[in-house]
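Here's what Swiss-Prot has on this protein:
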DISULFID  Cys235-Cys237  disulfide bond
DISULFID  Cys268-Cys271  disulfide bond
Amino acid sequence: MDKLIKTISESGSFRAYALDSTETVRTAQEKHNTLSSSTVALGRTLIANQILAANQKGDSKITVKVIGNGSFGHIISVADTKGHVKGYIQNPGVDIKKTATGEVLVGPFMGQGQFVSIIDYGTGNPYTSSTPLISGEIGEDFAYYLTESEQTPSAVGLNVLLDKEDKVKVAGGFMLQVLPGASEEEIARYEKRIQEMPAISTLLESDDHIEALLNAIYGDEPFKRLSEEELSFECDCSRERFENALLTLGKDELQAMKDEDHGAEIVCQFCQTKYEFSEADLEELIND
């Protein structure tokens, strides 16, 4: 089971999240049949949203949209405060690597665009904020969003590593944030450690990468573990939800669907689950 660990420095001036999202991203790859670059881009977006959702309370839902003008198209993710996340990428078939190193490329195929966050508190007035994409690598764009939009200086590292068959090997990341009251001396120490930190891909390949991430973040600084929360890819779609969506089309459209198509098939964008509606099902909706 994937997990996210919340920590705070003993001084109370910094907080850090470290997470293992391997099964989450593996499930996303299996459901959407993504190729290498698309897998990494979608995975990074899911991890970013898991971090954002961990910052929320109550029954909030957080939608992250990474909207670029490159080959990927849009990447959409929705997370809740219970550790569930779902998502999809418009173009699952991007598969580009550097010839010399085999490194999976993401940024060049994201293009220019926006990192958008929509927080739905369940009150009918969702809060939307956005920042420009600065690199298209998603991790850097997420850190920029946190610093600019949420006004919280943040360091972020997140990645997805693939095996020789381009299947998800490991996925995860971290977020470090400066809290009010941090001294200049403390900030300088943490900045130095983050700058000297091994590459996120190196840390993810450690036997226990959550511990490796926390050790790299805090060094010799004492810290407290606040909580450990389970994470998973989970879609909340249902037949009832799609029935309600069909009802919004109106009776004339449903009748045409019944007469001309002899039924309907709806595929959930987030998890690829198919819902079949027969002529009898449509007739029932028409008479509802």
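Any Cβ shown, glycine's included, is placed from N, Cα and C.
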Cα separation, Cys271 (disulfide bond) to Cys235 (disulfide bond) (Å, whole number): 6
Surrounding CB atoms that lie within 10 Å of the CB of Cys235 (disulfide bond), all protein chains: 19
Pairwise CA distance, Cys271 (disulfide bond) versus Cys237 (disulfide bond), rounded so that it is a whole Å: 8
CB within-chain contacts under 8 A for Cys237 (disulfide bond), separation at least 6: Cys268, Phe270, Cys271, Thr273
Cys237 (disulfide bond) in three-state DSSP notation: coil
Packing count at Cys271 (disulfide bond) (other Cβ atoms within 10 Å of its Cβ): 18
